[in-house]
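> I'd like to ask you about the structure that follows.
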């Protein structure tokens, strides 16, 4: 998503909040294919170098799921955007996966891939890379078949609402795990809004459940076609503090520094964070 992948608009904005209203307005111009070209085609989409941002993210996810601790029945991906790579290692550990996004254009993009329709974005390179690093002897075709079979629904989400999935959702709640990649910082106008959004999605997670959170470090904007989206800049320490405030034990927190060769003018991202956090019992 942006250099670091800010996952396009998982948050709406009540008109009573000018900051969030501006975020919502900007995302109406979001172009999924431009976003995918900016971040998932070379150079950022080049998975051949182990030092690239793509392989780093996929390793973080694969290594965490390989511990066997992050598993269960249901997983919700918060603010999926138009991407599926963030679930490639998850799909063998959860039988019921929900993908979500605020924007209909992103939900439509996901639908193209899930239904294997002509013109869908080609994620096979990512699927092949995940199979390689997981080392289970699985083919990339098997990996994609499993993910498609286990994604049960693609729904609207608004992380700025106390019930992000709305009332009466068909999603099995509370979920055993959450994944969210480049979402919260990309749809929050400031740090307090980021914290509230984290609190809101945490309410969807069972006590003892796990959150895998990926996001941009020190990023203030990114491009997606005609849209120039504002991002709240966060640092590693602010991410840690937000997770603790929302009632998590932080199990792992890693950072990646974006190299000059991947600073392509589509954003001002400085790096990426990966957090594995476990919701404390009683929260």
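Placement of Cβ uses the backbone N, Cα and C atoms for every residue, glycine included.
According to TrEMBL, the region 'Disordered' annotation covers 1-23. The annotation compositional bias 'Low complexity' is assigned in TrEMBL to 1-19. For 35, 40, 79, 80, 85, 101, 106, 158, 159, the entry in TrEMBL reads S-adenosyl-L-methionine binding site.
Help me see these features in their spatial surroundings.
Just so you know, the Cβ of residue 106 (S-adenosyl-L-methionine binding site) picks up 26 other Cβ atoms within 10 Å once every protein chain is counted.
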> Out of 35, 85, which of these binding-site residues shows the lowest number of other CB atoms within 10 Å of its CB?
85
